[in-house]
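Asker: Pasting a structure below so you can have a look.
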Amino acid sequence: MSHNAPLVLMILDGWGYNENDRYNAIAKANTPQWDEWWQTCPHILLKASGLPVGLPDEQMGNSEVGHMHIGAGRVIQQDFTRINEAINNGKFAKNAVFHEVIDQLKKTEKSLHIMGLLSPGGVHSHEQHLFALLALCNQKKFRSVHLHLFLDGRDTPPQSALDSLKCLNEELAKHPVATINSICGRYYAMDRDKRWQRVEPVYNLLTQGKSERQFPDAETAIHFYYKNKISDEFVPPTLIGKEHSIQDGDAVLFFNFRADRARQLTSTFLDPSFKGFERKTLPKLSYFVSMTQYDKNLFTTTAFPPVPLNNTLGEVLSSHGLSQLRIAETEKYAHVTFFFNGGCESVFTNEERIMVPSPQVATYDLQPEMSAHELTKTLIAAINSQDYHVIICNYANADMVGHTGNFEATVQAIECLDQCMQQVWQALKNNGGKLLITADHGNAEEMFSEATNQAHTAHTSEPVPFLYVGGGWHFTHSEGSLIDIAPSLLALLGITPPPEMTGRILLEKNHAHA
């Protein structure tokens, strides 16, 4: 590969492979470029869920986990698995952070406010982690606990909150330490695109008890919203029972383990230079506990601190003096940077980053192309500049539009991506470059669930494609997993993968006399 003929690793977020074309937006879409490649270019399928990506067996993959494994080239035990193991082996109940906080609150006679996504989804949180916290509070005879619950409907069926509430009420019967004081859809509480108009009413509910509506219990509220065609994700910030807002001296515990959708709400409490909206009140908290580290610049007390990773793909490229570009639209920018670098905030030498703003629409089925065309233009300019040896880019459409459950819009998103891929390859071909295409997890290939008779808005456990365009190389294995991508990419560059990368090299140069 010549000095400035770029190698592009294109990650099609949420583009899984499913032989069944029923409810499959990828199969339904008109994709002439993809179809041509699938017939003529070397490709295999990669596992992107469960144990091969450090998750519990059969747990669907997700963007954070996918990008970490693509970048790391080894299996990383995910925070979800770490916390599950800690619960099972008793270490969770002995966690020093939890004990310190509860002991302090008992002394000061203040309250603990536990907030997070009440969901069995296992993508951003898991309700079992909340239940373990309730058991610990009960064990320590601490009963001043208020729950502020965010509803899912995105990594779970759109109307599934009542099932989770039933489980929670069973736990509260066993461990009567807490009351449910508010509910709110994740659309508001877990925004990650600086749409502060969504987050502000959540903050006002938590800190002042302000809410358009108040209900005696969460079930009554949810039935009301369902009757008005509002599913879990979109339930507005709602007060439940008596108002118990967060006061000076209280502690907050955010039990989500995934960082990207926890940062904004956390910053409303902790960021000294916060400018998202005017905060009418700012409680002086004794602690703000986060299950994991959300951001090194947000000084939370972290229950499960990060485990550092060395020699990720970005670091190896940098140490070999190669220039790299990371490019994505807002929705997936953290994934091709922070998560791809193993949860490391720092930027490597010769690593550049470009973020293309995601469109400001309520849901992405209203604009299925999202910012793919703008991203493509920027990507082509970067290829033509010949400034980069490696470009790592993410197209968000299959995932973000797939999450809406809107089949036709997702088909449009896939067709838009096919056009973008064709344009990117044209530019690469003109510059003598190579293209690797893969995905972080599935989504758009399964858009309806016959089991729930609802739109399938969550990720899937299907494998993802791994396709090589550029000639001269072939795959040596019939299947692999996400951890094999980094070693294979390094092989294309003539670099020996470091020993930390336990993934396999799946590509081999064609021999002249084959």
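Backbone N, Cα and C define each Cβ position, glycine as well.
Found this in Swiss-Prot, in case it helps:
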- S63: active site, phosphoserine intermediate (ACT_SITE)
- D13, S63, D440, H441: Mn(2+) 2 binding site (BINDING)
- H124, R154, D155, R186, R192, R258, A259, D260, R261, K332: substrate binding site (BINDING)
- D399, H403, H459: Mn(2+) 1 binding site (BINDING)
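What's the neighbourhood like for each of these?
Answerer: Of all Cβ atoms in the shown protein chains, 28 besides its own fall within 10 Å of the Cβ of S63 (active site, phosphoserine intermediate). When secondary structure is read from DSSP and collapsed to three states, S63 (active site, phosphoserine intermediate) falls in the helix class.
H124 (substrate binding site) is surrounded by 25 other CB atoms, counting those within 10 A of its CB over all protein chains shown.
In the three-state DSSP reading, D399 (Mn(2+) 1 binding site) counts as helix. If you draw a 10 Å sphere around the CB of D399 (Mn(2+) 1 binding site), it holds 30 other CB atoms from the protein chains shown.
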Asker: Compile a sequence-ordered list of residues in the same chain as D13 (Mn(2+) 2 binding site), six or more apart from it, whose Cβ lies below 8 A from its Cβ; state 'none' when nothing qualifies.
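Answerer: Within the chain, D13 (Mn(2+) 2 binding site) has Cβ neighbours under 8 Å at S63, K332, H335, N394, Y395, A396, N397, A398, D399, M400, A439, D440, H441, N443.
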Asker: Given the binding-site residues D155, R192, R261, which lie within 10 A of H459 (Mn(2+) 1 binding site) by CA-CA distance?
Answerer: D155
Asker: How far is it from H124 (substrate binding site) to H403 (Mn(2+) 1 binding site), counting Cα to Cα, in Å?
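Answerer: Cα to Cα, H124 (substrate binding site) and H403 (Mn(2+) 1 binding site) are separated by 15 Å.
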Asker: For the recorded Mn(2+) 2 site formed by D13, S63, D440, H441, name the remaining residues of the chain with Cβ within 8 Å of the site's Cβ center, in chain order.
Answerer: I11, G14, A48, G61, N62, G66, H67, K332, H335, D399, A439, N443, H459
Asker: Quick one: pull the CA-CA distance for D155 (substrate binding site) versus H403 (Mn(2+) 1 binding site), whole Å only.
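Answerer: A Cα-Cα distance of 8 Å.
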Asker: If one looks at the chain holding H403 (Mn(2+) 1 binding site), which residues at least 6 apart in sequence have a CB under 8 angstroms from its CB?
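Answerer: For H403 (Mn(2+) 1 binding site), the qualifying residues are G14, R154, Y364, N443, T457, A458.
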